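Trainee: Can you read through this structure? Questions will come right after.
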Amino acid sequence: MMAENTSVSPTGGITPLQQMLASGTGALFTSLFVTPLDVVKIRLQAQRTPFSKGKCFVYCNGLMDHLYVCQNGNSCTAWYKAPTRFTGTLDAFVKITRYEGIRSLWSGLPPTLVMAVPATVIYFTSYDQLRDYLRCRMGSQGAHVPLVAGAIARLGAVTVISPLELIRTKMQSRQLSYRELRVCIQSSVAQDGWLSLWRGWGPTVLRDVPFSALYWFNYELVKEWLCRQSRLDEATFMVSFTAGAVSGTVAAVLTLPFDVVKTQRQIELGDRETLRVAASKSSSTWLLLRRIRAESGTRGLFAGFLPRVIKVAPACAIMISTYEFGKTFFQKLNQERRLGSL
């Protein structure tokens, strides 16, 4: 009975604007905690194999994957070319902080937040609104509701953000001004149609939509189970944190093959924009999956298992617990206002 109470209407009593503020705050906290892990990973990667001009690499701020293009002497990517030498992950953290300043652990973060924070706000707010709507409309508290709401919310967020990410890649790879960018987009649309702005949408959807469906499905189940075990009427910060970490880990492992393909397609798209490489006709998602399996076996489809889990689990835990904390804060604030007005 207590578990039912925790899941009936977690957003009850707060406005969509307050949901957006809570998710935006959660997004900022997540990026602040997770970005240093990826910065250190990229610095170690650049030390082992120096990036050449035009080389693309994927940068993750805990919210989204962004494509960065190496431009020699370019201020926005110079941070990973610093000469400091590292012997390992911990050594990298210590030396970057000591010799380059603690702010260097968040190198490259601000430009990525321009898209990552709005995308996260759209995603989390849409999920809560859809989940409550479906439960109200269907009169059901079934486990399938979070699954459907999570999938639709992520589909919407990816569809909105995908053209913006492509535009950002064009700007960075070709060093375009805003006027040149407009001409470039117009010529691309004239040549290939409006759908060309959603190039790369397919692999992202194939990874992110199943991830979100699995994540929310497991999150609601684990949260209810933890509340039931702890005899809580409402989920605490630690309950949300634990449920987020567990569900994020499960979803990350199950969708890992799509993550491998998505990363390859993202790099391929960057090379196409930077080096003007012709589009490959045989690089569909399913053909890539088959090719990776043929070349590296089933293990190849789960390459990067540990780094992905290490990155995704804390990101999901921090994001959802901060978001739930923000919603609880606004619920109490609204209750106090209502009581004060009586």
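From the backbone N, Cα and C atoms, a Cβ is placed for every residue, glycine too.
All annotation found in TrEMBL is predicted automatically rather than curated by experts.
What TrEMBL lists as repeat 'Solcar' is 14-133, 141-225, 235-329. According to TrEMBL, the feature transmembrane segment maps to 20-40, 105-125, 145-167, 235-258.
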Trainee: So what's near the transmembrane segment (235-258) in sequence-distant terms, Cβ-Cβ under 8 Å and 6+ beyond its ends?
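Mentor: Hits for the transmembrane segment (235-258): 6, 203, 206-207, 210-212, 214-219, 222-223, 226-227, 285, 289, 292, 301-302, 304-305, 308-309, 312-321, 324-325.
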Trainee: When you scan the chain for residues with a C-beta under 8 Å from the transmembrane segment (105-125), skipping those not six or more beyond its ends, what do you find?
Mentor: 16, 19-20, 22-24, 26-28, 30-32, 35-36, 39-40, 59, 61, 63-64, 66, 68, 76-77, 79-80, 93, 96-97, 153-154, 156-157, 160-161, 164-165, 168, 212, 319, 323
Trainee: Would you report the average pLDDT that the model assigns to the repeat 'Solcar' (141-225)?
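Mentor: When the pLDDT values over the repeat 'Solcar' (141-225) are averaged, the result is 80.
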